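*Asks:* First the structure, then my questions, so here it is.
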């Protein structure tokens, strides 16, 4: 877990550095933002001269104006300005040249969920005349901000947009790249279902976080016919920021708390989906109620996290306490953004929440990968221990315990065959040539048996001088031929030994007419081996 924290911390520092160096300020320095006059306000008269951007709170109407400087030419003949959702009119002296949101059905140059970009063509003949911008706020208690009004050509403006909006998508892009990189791991380690489901949930959350960040803060729609779709995407993805709570909900032992958590999830989900449906059919305007929607989202998030935190503290489980600390980090980032939104909604962005969400995703993923690595290592050790427990250390074949286990599990049929070997005169070899030679004899016989029979079945050492072979399917085999091959390689091996190495052999194939179970087949194979040993001794005595 310490390694997970260290990797996450290094990644967070790297991510913060990227964001810091790629961050573009919200305005460009230019002469056209200076010396504006506020000539009409509803609450008070104001003739002061100011420079844009400037903030006006809780106003219904406002009008600002200035004299056009003598700087208009073919390369700088377009006025761009950035506002919140409000009605706008542009005048040259008393002649209106642009309107949005009033009587005419005019579309802005570009539109995002929180801002409008307007473009107005300026003529050379306008130089020296008064340029007036009139803003009308249709919503009660709405805080308006006029951000940046500047003069530029279209090419430079596009470069500015590219830097400001698209190069600033590092959080969203990284969130989208994350599941693309991680998904192949899910296939490679598919047998570890629990951990893979965990990683898949993190990938889903990563995609939702990317959609939320891009749609809510950075993405500009050039086709402005469907602004509601993007805003609904933003609300939906922001709503699902609480998905990680569901990932760890299964860890809650307290059934009452788990039940409460699920009820809260269902209640808030229904509420948000109803709002989105009403917005889609134009029954309500969510933009007017966005403060309440965002408040509800954060209240639901805090409810999830507090409930989850109580359960984790009560359970006192070490494996979920550190993820809960990551939740607290996510809450902190979300709370900073929400505080900014409450104090100044036009400055709202998802930067802190997105940063903390990506760090949170990284922490969960690194933790999950570490857990997966530990699980794989544990499985390897378990397999190794099982392998060691089932093998004969000296010969490398399986031991008697494995033979008994495998014969119990074997599917009994007429295809099953058992071969039994017994080393001749092993006691004599030990006494005359030493125990090292006796061990060598056992190892040699085991190697020869494996060389001939291992491709057809499993080999076992079932006694000090006894070996067995279990063949699950012998229908395509000529066991007599295999035994003859074994005798040939054994005779060849005897040419290099200082003692004579021999074995008695016997085999039997399961016969349902005389065998009730596989043990009966094994007994018949041993009987045949004993008969073979007796015949070998008789042959030796006859020769003598």
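Just so you know, glycine gets a Cβ as well, placed from its N, Cα and C.
Where the annotation comes from TrEMBL, it is an automatic prediction and has not been curated.
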*Asks:* Taking 135-153, 325-343, 382-400 as the choices, which stretch does TrEMBL tie to transmembrane segment?
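*Replies:* When 135-153, 325-343, 382-400 are checked in TrEMBL, transmembrane segment belongs to 325-343.
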*Asks:* Which stretch, out of 40-64, 65-89, 90-114, 165-189, is listed as transmembrane segment by TrEMBL?
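*Replies:* Transmembrane segment, as annotated by TrEMBL, spans 165-189.
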*Asks:* DSSP on the domain 'GGDEF' (414-544): how many residues come out helix, how many strand, how many coil?
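*Replies:* Secondary-structure composition of the domain 'GGDEF' (414-544): 69 helix, 24 strand, 38 coil.
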*Asks:* What mean pLDDT does the predicted model reach across the domain 'GGDEF' (414-544)?
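*Replies:* Mean model confidence (pLDDT) across the domain 'GGDEF' (414-544) is 88.
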